[in-house]
Amino acid sequence: MMKPIVSQENNKVTRNRVKLQRVRTRQEKNLKKMALPLNILIAALSLIVLSPLGFCSKTYESGGYLFPQFYDHSCPKAQEIVQSIVAKAFAHDPRMPASLLRLHFHDCFVKGCDASILLDSSGTIISEKRSNPNRNSARGFELIEEIKHALEQECPETVSCADILALAARDSTVITGGPRWEVPLGRRDARGASLSGSNNDIPAPNNTFQTILTKFKRQGLDLVDLVSLSGSHTIGDSRCTSFRQRLYNQSGNGKPDLTLNQYYASVLRKQCPRSGGDQNLFALDLATQFKFDNQYFKNLIMYKGLLSSDEVLFTENRESKELVKLYAENEEAFFEQFGKSMVKMGNISPLTGGRGEIRRICRRVNHKSY
């Protein structure tokens, strides 16, 4: 007698969850072997807890709480407004969702999720927009200002720019076919930026696997978060300058990166020469460039990850390789973990309570003398 299809699917989901748990268990054992302080081990655990409010996230750094219903009374149309403007932007520019996801990521990895990335330079601020990871590549700032203007019209000085970034990242994922999750809200905006933090804390395209993992761990994120969040590269583009070394001089010996599919490399060389064309754009996922799916992980298995920082997930670590295979096989498992990891990333050192401010204009602080 054939087993019911539902039973088979349930068994598959159970197996996938067991695989994820095994990876995390190995990571925890490795941490203990390295004799890391207990507080770092705790920081690597998920900050997500269930409460009567639904997804309620305790932010240990600030002593406050983030929760999805934060604006239900003070600005009940907030999420609707963000979603509407993101949808309109996507219709005009299919690259925008990836740009908004990247803004949220680059914001949270520098001083926490506080909208510091949005600040322009001023007399007291050196903008993070000038950092190596952001210069000539970070985009979407005008759209964030458009969202902020609409929210100021609806409910003045209520919704933070940091929360706008978190909501826009979620809506960008959903509109391109990805998972939906509840976004914990209640962040406030920073009054300063960190150019050095942006240069040093954001993983670079040519970083080794261990360097990337170390940068994630500093933020309280673990290997599972690293692999699932890297899956956001299933949409978006990258510049020639971000992967040129793989084509011509990966290890400083004048030879290409042999972990890159050589036919794919020959195609890339046509538009990414040894010199010139630095700003030429290439799809991170050539197969389904504007669709949020699990194709990114299938590409890694075929050695067609565009960036070195992508391909090392499959070539340099056993646990991450297992996860790449899992997500390539099961899109549902990837989607489920991506939502969890996005919430976890959104919990990095937010300003709550009386800390920070609610900026009226996202690109500058509220100082009257600005």
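Note: Cβ is positioned from N, Cα and C throughout, glycine not excepted.
Between Cys362 and the candidates Cys113, Cys155, Cys161, TrEMBL records a disulfide bond only with Cys161. For Cys155, the cysteine that TrEMBL lists as its disulphide partner among Cys56, Cys75, Cys240 is Cys75. Within the set Cys56, Cys113, the cysteine that TrEMBL bonds to Cys108 via a disulfide is Cys113. Rounded to a whole value, the Cα-Cα separation of Thr288 (Ca(2+) 2 binding site) and Pro203 (substrate binding site) is 24 Å. Looking only at Cα atoms, Val110 (Ca(2+) 1 binding site) sits nearest to Cys161 among the recorded positions Cys75, Cys161, Asp285, Asp293.
Among the recorded positions Cys75, His106, Ser116, Glu128, the residue whose Cα lies closest in space to that of Cys362 (disulfide bond) is Ser116.
Annotated pair Thr234 (Ca(2+) 2 binding site) and Arg102 (site 'Transition state stabilizer'), C-alpha to C-alpha distance, rounded: 12 Å.
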